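What follows is a single structure, written as structure tokens, with notes after it.
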Amino acid sequence: MMSSEKIREVGEGSSSSGGAINTIAPLLSNHQRQSSSLLAPTPAPASTPQLSRYESQKRRDWNTFGQYLKNQRPPVSLPQCNYNHVLDFLRYLDQFGKTKVHLHGCLFFGQPEPPGPCTCPLRQAWGSLDALIGRLRAAYEENGGLQETNPFASGAIRVYLREVRDSQAKARGIPYKKKKKKKRPNLEIKASNNNDGATSANFQLQSTT
């Protein structure tokens, strides 16, 4: 049997080493911290700022164009995209158009208010395509694309949109009217001498003619 002195030594040795105490103490403190954290109020999640109508539409358009590139055979990555892919995308969207564009052989060609139905196809309106290209041009650069290589800003895209605008205007009998730019006031500064010899400036706003 182990003597009482050895038992005393083992007991003193285990207590002096402090191993069990050092192991249990962190567990107790962790438990206490968990309990206190459960009682502490949970901070409310930060609300996501709501996107404007323009930003939401721009995001949807960008996702749609990205999916269109992925569906190509073979798939086209964004760095490989050029103005030809954009032109194909615009033609692809025509099948979802809602604007009646009369063909040259149609009796209603050039009539803004045709008296009856016809079998002419539906197309995307020029204004919708023009606005779409504007959003995609901005989204391209916002997603890491370079302005110099932006396929949506290509001259070929502008030519295509101009042709669509003119052809739809003739087919529908609705001439295109370019919006007049608002006149910007010019600031003129006229100097005049005061009685004391000091020079003062008179500011006048005049509209451009």
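Cβ from N, Cα, C; glycine included.
What TrEMBL says about a protein is an automatic prediction, not a curated fact.
Features reported for this protein in TrEMBL:
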- 1-11: compositional bias 'Basic and acidic residues' (COMPBIAS)
- 34-52: compositional bias 'Low complexity' (COMPBIAS)
- 175-184: compositional bias 'Basic residues' (COMPBIAS)
- 191-209: compositional bias 'Polar residues' (COMPBIAS)
- 53-180: domain 'ALOG' (DOMAIN)
- 1-57: region 'Disordered' (REGION)
- 171-209: region 'Disordered' (REGION)
Stretch-averaged pLDDT - the domain 'ALOG' (53-180): 93
Residues in the domain 'ALOG' (53-180) grouped by DSSP into helix, strand and remaining coil: 76 helix, 4 strand, 48 coil
